[in-house]
Every structure is written in C-alpha cells, then in structure tokens.
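K.L.:
Annotated Mg(2+) 4 binding site per TrEMBL: B:D42, B:S57, B:D88, in sequence order. What TrEMBL lists as Mg(2+) 3 binding site is B:D42, B:D88, B:D239. Annotation source TrEMBL lists Mg(2+) 1 binding site at B:T58, B:D59, B:D136. Per TrEMBL, the feature Mg(2+) 2 binding site maps to B:D59, B:D88. TrEMBL lists B:H66, B:E292, B:W344 with the feature substrate binding site. Annotated ATP binding site per TrEMBL: B:Y118, B:G135, B:D136, B:R162, B:S241, in sequence order. The Mg(2+) 5 binding site annotation in TrEMBL covers B:D242. The feature domain 'PurM-like N-terminal' is assigned by TrEMBL to B:40-154. The domain 'PurM-like C-terminal' annotation in TrEMBL covers B:166-326.
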There are 2 protein chains.
Amino acid sequence: MFENKDNASTSIGDLGEFGLIDHLTKNFIIKQKSTVKGIGDDAAVIACDSKKELVVSTDLLLEGVHFDLSYMPLKHLGYKAVIVNLSDIYAMNAEPQQITVSIAASNRFPVEALEELYAGIEAAAKLYNVDVVGGDTTSSTTGLLISITALGTVKKGEAVYRSGSKENDLLVVTGDLGAAYMGLQILEREKEVFKVNPNSQPDLEPYSYLVERQLKPEARKDIPNLLKELDVKPTAMIDISDGLSSEILHICKSSKVGCNLYEDKIPLDPQVISTCEEFNLDSTTIALSGGEDYELLFTVKSEDFPKIKANPHLSIIGHITDEKEGVHLISRAGTKIPIIARGWNALNNNE
Amino acid sequence: MFENKDNASTSIGDLGEFGLIDHLTKNFIIKQKSTVKGIGDDAAVIACDSKKELVVSTDLLLEGVHFDLSYMPLKHLGYKAVIVNLSDIYAMNAEPQQITVSIAASNRFPVEALEELYAGIEAAAKLYNVDVVGGDTTSSTTGLLISITALGTVKKGEAVYRSGSKENDLLVVTGDLGAAYMGLQILEREKEVFKVNPNSQPDLEPYSYLVERQLKPEARKDIPNLLKELDVKPTAMIDISDGLSSEILHICKSSKVGCNLYEDKIPLDPQVISTCEEFNLDSTTIALSGGEDYELLFTVKSEDFPKIKANPHLSIIGHITDEKEGVHLISRAGTKIPIIARGWNALNNNE
C-alpha cells in the first residue's frame with residue numbers, strides 16, 4: 001500500500017552506494033559532543049576519555065549479493081565477515097577489541113550449518129584477539145545475511161582519516177592487489193565446470209594464492225604496529241575493499257587533492273599476472289577495480305620516504321597532487337589516463 | 001555444495017532464538033579486559049575510562065519477519081527501528097548517544113522510498129538526541145532489511161543487568177502492556193478488509209492508542225532519569241520486546257530466582273481490554289505474550305517501595321522468590337499458574 005503510493009522512480013542503482021549514503025544522510029546533524037567523526041570514513045570515531053577514542057564500523061553481507069555459498073564454505077564466510085570489519089578498524093590506525101554479530105537465516109540452514117558459520121567467526125575472533133560481545137539472531141524468508149559491527153580503540157589524536165592527504169604526499173599500498181578478484185574468477189569457472197560434471201576434480205593448485213585471498217582474506221593487523229615502529233603517521237588511510245581506483249578517489253575527494261598513480265608500481269603477485277593472461281584480462285584493470293583485497297592504502301609525507309622505501313610490506317605507487325590536476329593513472333607508456341570509479345558496486349548486482 | 005553436505009537436520013526453530021544464540025556462542029571466550037559484559041543482556045558493556053562505561057546493542061529487522069509494509073509506512077518503520085535499539089540502551093540504565101544504520105533494499109524500493117525510511121530514522125534520532133554516525137547500504141535480492149547498532153554511556157557501576165534480582169525484590173513495570181500487539185491485530189484485520197475492498201475507509205479511531213503503539217512506539221527515555229530522581233537503582237532491568245512472560249523468565253534465569261506475578265496488577269489500557277473482548281482474546285495472555293511494548297521491566301529492593309508506590313508511570317506487579325519456588329502467575333482467582341515463554345518468536349515465523 002505504502003511504498004509505491006507516489007510516482008517516484010529513482011532507482012537506488014542510479015546513485016551508487018556512496019551517492020546513496022550521501023544523499024540519504026545529508027540532513028543528519030551531529031549533536032553529541034562525544035561524536036568526533038560521523039558518516040564518511042571507514043569508521044566513526046567517538047570520544048572516550050582524555051587519552052582514548054573509540055572507533056566503530058559496520059558491514060552487511062548478503063547471500064546472492066556479497067557471497068555465493070556454492071563455492072564459499074560457511075566457515076570461511078564467517079571468517080571473512082569478521083575480517084571485512086576488522087580491516088575498517090585497522091584503516092583508522094586503531095586496534096579492534098569487540099564485535100557484535102547478527103545473522104538472519106532461512107530454514108534452509110540447519111543449526112549445524114550455523115555452527116560452521118560461527119566456527120569461522122570464532123576462529124577470526126581468536127586470531128585477531130577480539131571478543132564477540134553481542135548480536136541478534138533471527139529467521140529470514142530467504143537466504144543468509146550477516147551484519148557485523150566492530151569496535152576498536154585508538155590513542156586520542158592517532159586516528160587516521162581519509163581527509164588528511166596533502167600535495168606531494170606519497171601514495172603507499174600494502175601487500176599486492178587483484179588476487180581476491182582473480183580467485184573469484186577461478187571459483188566461478190569451477191562452479192560452471194561443476195554444474196556440467198559434478199564429478200570433476202578441480203586442480204586449484206596453480207591458483208592457490210588467488211583462491212585463498214578470496215576465501216580466506218586477512219586484515220592488515222600488522223600495519224598499525226609497523227607504522228608505529230617506523231615512526232610514520234599516515235596523513236590519510238583507507239582499506240581496499242572496492243578496488244584501488246575507488247579507494248584513491250575516496251581519499252582524493254575527502255582530502256580535496258589530486259593524485260598520480262604509476263601503473264608500473266602497482267604490486268601484483270605472479271599468479272595474478274599469469275591468471276590474467278589466461279583469462280585475457282588486463283592485470284592493471286583488475287588491480288584497480290577488483291576489490292576485496294583488504295590491503296591498506298595510505299599517504300605519507302614525502303620526508304618519510306627514507307623510513308618506508310625498503311619495506312617489503314609497502315609499495316610506493318604514486319603521489320598526491322593539487323586537486324585541479326585531477327586523479328590519473330600514469331601508464332607504462334607514459335600516458336595519463338583519468339581514474340574513474342569502476343570498483344565492484346553491490347548496488348548494481350541485482351538490477 | 002557446502003551448506004547441505006552433511007546429514008545435519010536440526011531446524012533453527014527447534015532451539016528458539018535464545019537457545020540458538022546460547023548454543024552458537026557457547027565456545028566464545030572473553031579476552032579483552034575492556035569487555036565488562038558480553039553476550040546475554042540487553043546490551044554489551046565495555047569499559048571506557050575510570051568514570052564511564054560504554055553500552056552497545058544491535059538489532060536486525062527483516063521485511064516479512066518483523067514488519068509488513070502493507071500497513072507499516074516506511075517513515076514509521078525507520079522510526080521504530082531506532083526505538084527498538086534505544087529501548088535496549090535504556091534497559092541498561094544508560095543514555096544512548098550514537099547509532100549506526102545499515103540497510104539492504106531490493107530494486108523494488110526507489111530512492112524516494114528510502115528517503116521516507118531515513119526521514120523516520122532522522123525524526124527518532126532528533127527526538128532521542130542521538131547521532132547517526134555510520135552504516136552500510138547495499139542491495140538485497142529480495143525485500144528490505146534494517147540493522148541498527150546503538151551506543152550509549154553509563155556512569156561506571158550504574159549499568160543495570162538482568163542478573164541482579166534477589167528474593168523479596170519487587171517486580172515493577174512501566175506504562176501498560178499488550179497495546180502494540182492488539183494494534184497489530186487491528187492492522188492485520190484492516191489489511192484483510194482492504195484486500196476484499198480497496199475503497200473501504202477504515203475507522204481506526206476507537207483503536208488509536210493501539211495502532212500508535214504498534215506503528216510509532218516510543219522508548220522509555222524518561223525512566224533512567226526518573227529512577228535517579230527517585231533515588232532508586234533497580235537490581236535488574238530488561239525491556240519488553242518479546243512479551244512480559246519472556247522477559248520475566250530472562251530476569252529469573254539470569255538472576256537465578258523465582259517470581260510471583262499478580263494477574264490483577266498487570267497494567268492494561270482500556271482500549272486493550274475492550275479490543276481483547278471484541279477479538280475474544282484474554283487480555284492477560286496478550287500482556288504476557290504480545291511483545292513490542294518497549295516498556296521497561298525491573299526489580300527493586302523491597303525497602304524502595306515507599307519511593308515508587310504512588311508513581312503514575314510505575315506498576316508493582318509481583319515479587320521475586322527463591323529459585324526453587326519457580327515462576328508463576330497468581331490469577332485473579334488465586335490459582336498459581338506456571339509461566340512459560342510464549343513470547344513472539346521471530347525464528348518460528350517462516351517455518
């Protein structure tokens with residue numbers, strides 16, 4: 001009766017996820033003096049006491065949109081659901097401490113299936129040293145859904161936002177990119193093979209790193225500590241969940257800066273390169289748009305270069321420019337290509 | 001491939017919501033010293049500093065399970081989704097300060113529909129003075145889903161748990177009970193009428209209080225303050241979301257006590273009494289099992305009786321006994337009837 005009574009017809013996909021959040025929350029005002037940072041970063045920041053701030057992040061994972069149980073074992077799904085949230089906490093330069101876990105499951109899932117899911121949640125909570133302190137459990141009319149909220153703490157003034165990048169800062173990324181997306185391609189291919197011949201035995205060995213990055217990602221727990229050891233405080237930071245291009249654009253938009261990203265500096269695993277060749281895909285495009293790598297992307301002052309240059313965990317992939325210079329990829333051939341968001345967009349999946 | 005690979009077949013409905021949470025989280029251990037209270041109360045409690053504790057609660061609302069958009073306007077739904085969570089914070093004797101709001105919506109919902117939903121969220125946030133600090137927005141393959149996490153603070157040592165009731169404590173409830181459930185019955189009846197004759201004009205006037213309690217519930221923001229003014233600290237407290245009987249059993253189980261509840265003391269609005277007669281329903285059963293009243297149920301020491309006895313917001317409805325005496329309703333006729341949980345169980349809705 002109600003939801004269709006007017007003639008409105010703007011599709012939510014038209015705005016995209018970030019546009020939609022911006023649009024829906026534009027009237028929201030902050031009134032509590034304890035709210036240090038509201039909507040618009042990897043996590044909200046709340047004042048705790050004179051020494052400490054609280055960091056809060058939340059994510060929703062839906063079957064058929066964010067995961068496919070035909071190749072994602074439930075235990076891995078539980079593990080990944082936790083990792084996705086912890087990654088946001090590390091991206092604030094904070095230490096996660098607690099999570100709440102809410103699930104909705106249809107009666108297709110027996111208790112034993114949920115036990116598997118929770119075993120994955122427990123394994124991640126144990127490894128990352130966080131407590132599961134609450135949640136909600138309910139039935140759904142269809143499918144499985146997981147909503148996790150992560151809480152962490154950071155020393156007052158040490159939280160790193162998306163908005164602090166300045167011209168000439170260096171753009172740095174941890175680990176390597178594109179593997180989780182290529183892992184997904186491998187699993188999708190095996191699913192098709194399985195449909196045709198359920199007895200086929202897939203040989204995933206040549207793709208082991210890719211599949212692991214997709215099915216059992218890890219959050220960069222080590223990076224906030226590493227940065228402390230190196231005595232470097234990033235000027236801005238974000239985690240790579242939607243793809244490098246999307247995250248660079250977030251930092252540039254929040255920080256009101258431009259950026260030059262160098263194609264030849266983007267860290268790629270050899271399996272990503274060989275599998276991209278096999279699939280006839282451009283590995284740079286995959287790194288830019290693949291997503292789900294859960295690496296950290298950050299900027300540091302140029303004078304911090306000596307502190308980070310030789311670190312095996314870190315790759316310097318570009319530098320920050322004035323806003324009016326725009327956001328560009330500098331290709332191997334030296335051409336300047338504008339970067340536009342092509343990250344994986346959960347809002348377009350069911351259109 | 002994975003979720004059905006074993007022969008497991010315990011339905012999640014067999015355990016019930018609370019049994020399921022207990023079962024799935026029984027291995028979870030608390031390691032963070034900041035975790036004061038984990039799973040098992042209206043909210044988790046986290047140490048903040050030497051003077052303050054943080055309170056966190058989360059709830060999941062699904063279309064087709066928790067709400068029906070054929071009679072629930074989206075603006076009211078947004079409002080109610082916030083209230084449900086704030087009620088849990090008040091039930092800890094805490095003050096809510098921030099919420100995160102995650103939604104998943106299918107492409108059946110245009111942006112304008114989500115604007116309505118967010119207008120309701122904004123209205124509740126404004127009235128209850130909480131900031132919306134984050135969230136997630138995604139598509140769903142079917143229907144609408146809202147996941148809200150509420151954060152609040154309480155002076156260290158002032159949080160009230162379910163577990164503190166002692167023998168001879170008085171059992172107290174705020175407001176009146178059963179109206180939200182009867183409002184739902186009215187709306188369900190009008191929906192059937194509407195299906196037969198879409199031009200019928202329902203006269204909801206005689207049921208205005210009931211319908212408002214269902215469509216626009218309020219959380220008892222006033223009670224933590226009232227208790228401070230009266231200089232009463234409850235020994236245990238819970239909010240009434242699933243029905244009086246279910247909440248009494250939660251307190252008794254957590255506190256390891258029994259309880260006598262007096263039928264003639266249960267506060268009922270005249271509209272509940274008259275509408276129960278019209279529907280040929282027993283009003284005591286409705287108060288015990290209806291749910292969604294979002295009143296607060298608490299126990300106080302018997303010596304606090306003079307402080308609360310004449311308060312129009314509070315009804316003394318029973319007293320706490322030794323655990324081995326069990327949990328009973330003392331009927332108007334004086335018979336002792338064991339109380340069993342018959343609260344509305346979201347896990348049985350789609351069986």
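Each Cβ is built from the backbone N, Cα and C atoms, and glycine gets one as well.
Unlike curated entries, TrEMBL annotations are predicted automatically.
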K.L.:
Which one is closest to B:T58 (Mg(2+) 1 binding site) in space, judged by CA to CA distance, out of the binding-site residues B:D42, B:H66, B:Y118, B:R162, B:S241?
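P.N.:
Spatially nearest to B:T58 (Mg(2+) 1 binding site) by Cα position is B:D42.
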K.L.:
What's the CA-CA gap between the residue listed as 'Mg(2+) 5 binding site' and B:E292 (substrate binding site) in angstrom, rounded?
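P.N.:
If we compare the Cα positions of the residue listed as 'Mg(2+) 5 binding site' and B:E292 (substrate binding site), the gap is 6 Å.
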K.L.:
Considering only the binding-site residues B:H66, B:Y118, B:G135, B:R162, B:D239, which fall within 10 Å of B:D42 (Mg(2+) 4 binding site) when distances are taken between Cα atoms?
P.N.:
B:R162, B:D239
K.L.:
For a three-state summary based on DSSP, what are the helix, strand and coil counts in the domain 'PurM-like N-terminal' (B:40-154)?
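P.N.:
Tallied per class, the domain 'PurM-like N-terminal' (B:40-154) gives 34 helix, 48 strand, 33 coil.
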K.L.:
Could you tell me which of these binding-site residues, B:D239, B:E292, has the fewest other Cβ atoms within 10 Å of its Cβ?
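P.N.:
Comparing Cβ neighbour counts within 10 Å for the binding-site residues B:D239, B:E292 gives B:E292.
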K.L.:
Let me make sure I understand the structure: which of the binding-site residues listed (B:S57, B:T58, B:S241) has the fewest other Cβ atoms within 10 A of its Cβ?
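P.N.:
Comparing Cβ neighbour counts within 10 Å for the binding-site residues B:S57, B:T58, B:S241 gives B:S241.
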K.L.:
Can you tell me how many other Cβ atoms are located within 10 Å of the Cβ belonging to B:Y118 (ATP binding site)?
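P.N.:
There are 23 of them.
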K.L.:
Within 8 Å of the Cβ centre of B:D42, B:D88, B:D239, which other residues of the chain have their Cβ, at the recorded Mg(2+) 3 site?
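P.N.:
My list of surrounding residues reads B:D41, B:A43, B:S57, B:S87, B:I89, B:Y90, B:A91, B:M92, B:I238, B:S241.
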K.L.:
Under 8 Å Cβ-Cβ from B:D59 (Mg(2+) 1 binding site), six or more apart in the same chain: what's there?
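P.N.:
Expected: B:A81, B:V84, B:N85, B:D88, B:S147, B:I148.
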K.L.:
When you measure from the Cβ of B:D42 (Mg(2+) 4 binding site), how many other Cβ atoms are you left with inside 10 Å?
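P.N.:
B:D42 (Mg(2+) 4 binding site) is surrounded by 25 other Cβ atoms within 10 Å.
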K.L.:
Using C-alpha atoms, which one of the binding-site residues B:S57, B:H66, B:R162, B:S241, B:E292 comes nearest to B:D136 (Mg(2+) 1 binding site)?
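P.N.:
Closest by Cα distance to B:D136 (Mg(2+) 1 binding site) among the binding-site residues B:S57, B:H66, B:R162, B:S241, B:E292: B:S57.
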K.L.:
Quick test of understanding: given the binding-site residues B:T58, B:D88, B:G135, B:D136, B:S241, name the ones whose C-beta is under 8 angstroms from chain A.
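P.N.:
In terms of proximity to chain A, the binding-site residues that count are B:T58, B:G135, B:D136, given in sequence order.
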K.L.:
Whole-number Å distance between the CA of B:D239 (Mg(2+) 3 binding site) and the CA of B:E292 (substrate binding site)?
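P.N.:
Spelling it out, the Cα of B:D239 (Mg(2+) 3 binding site) and the Cα of B:E292 (substrate binding site) are 9 Å apart.
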